[in-house]
Amino acid sequence: MSDDSGGSSHSDAIRAISFSADGILLASAGDDKLVKIWKTDSWRCIRTITSEKRVSAVAISKDGLYVTFADKFGVIWLVTLGEDGEGQVSADNKPVSIFGHYCSIITSMKFSPDGRFIATADRDFKIRVTVFPKNPLKGAPEIQSFCLGHTEFVSCIAFTHLSGGSSFLLSGGGDSTVRLWDYINGCLLDTCHVKGKVGELAEPNETEDSNLAVADICLTNDGLLAAVAIQSLNGVMLLGCDHVDKKLSFLKVITMENSYIPTSLASSSSADLLWTVMGASNMPNQAASQLLTRVRIIPRFKKDLLASSDHSPAILEDSEVPYGEKLLLALQGSLDISKQEEVLASVLAALKVSMHKMLVKKNYSEERREQRKRGRNDKKIKK
């Protein structure tokens with residue numbers, strides 16, 4: 001991937017990526033306070049935006065004209081992507097704040113399938129659904145609803161695709177639940193308690209005194225099947241999503257090898273593949289050639305996945321992965337997985353620490369709070 005934007009390259013952990021609906025654009029953002037826009041046909045960066053604070057979520061509007069990103073204070077910023085006749089993105093506009101969650105970290109941000117709404121989830125148990133106007137730079141965005149019911153941080157959200165003119169919202173959180181919402185009216189339709197379904201399959205000592213946080217949710221194109229990644233579960237849970245009865249149903253847990261715990265999920269609609277990724281960045285005392293990421297792919301990711309057999313579907317071997325060894329070498333650093341168990345364990349430990357730091361609130365003393373407040377104010381005065 002090359003950079004034609006004239007901006008800096010990513011230099012710290014990337015916390016969020018998002019493709020446009022047509023797959024032409026990709027946005028990436030993270031702890032280096034950079035939001036970068038890429039063209040996927042050439043994999044060149046065409047725009048670099050600098051945020052005042054670290055970025056926790058990013059999304060591209062349905063029509064591909066706007067990029068929104070959230071900073072660590074819960075403020076949502078918007079950037080207009082205007083192209084000239086040569087297809088270049090203009091850089092004469094700056095990010096504009098459009099709304100916020102008031103000092104609560106945004107953990108996930110998605111546009112609805114029809115582009116009319118933008119949903120934002122935070123670590124204070126809330127999901128906000130906001131009307132996304134045709135001209136978002138004029139006037140204050142209108143709140144459509146709040147989806148309230150989670151009792152811990154909301155870690156991920158996903159829209160089902162339009163079916164009969166309507167869609168639903170799924171959410172997962174630190175309270176070990178996946179919830180189905182009528183997001184237009186903010187109504188909770190159904191709840192699946194994942195801890196009771198996968199507790200015995202999770203790592204020992206993980207389920208006794210704590211919840212199993214839902215890490216990610218991925219839906220099939222028709223929205224009838226959901227894959228769920230869960231903290232400490234070496235595999236993925238499959239849920240059925242009934243759009244008529246508005247219910248979630250537990251289907252199966254697809255288990256994978258020990259120490260492999262997926263943290264990110266994505267589907268490839270053209271090939272019905274479910275991509276699962278486990279990884280960590282900036283790990284101390286690890287050589288660059290050692291495994292920091294592991295990729296596993298589940299084929300036939302669609303509603304009839306389990307129709308023909310009670311057995312779990314096969315996981316693709318490394319030799320069957322699309323784009324082959326070149327991709328795996330770039331992502332994993334090594335193809336010899338048998339020698340990487342120790343590093344996988346280190347990755348798992350790093351992921352647990354990362355999730356804790358990202359989503360669990362720090363309790364500062366009153367004196368420490370005042371020191372931090374004075375420090376921020378001093379920086380503003382210097383500017």
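Cβ atoms are placed via backbone N, Cα and C, with glycine included.
Per TrEMBL, the feature repeat 'WD' maps to 7-48, 147-191. Marked as region 'Disordered' by TrEMBL: 364-383. What TrEMBL records for 371-383 is compositional bias 'Basic residues'.
Summarising model confidence by region, the repeat 'WD' (147-191) averages a pLDDT of 93. Sorting each residue of the repeat 'WD' (147-191) by its DSSP state yields 0 helix, 26 strand, 19 coil. Per DSSP, the repeat 'WD' (7-48) is made up of 0 helix, 23 strand, 19 coil.
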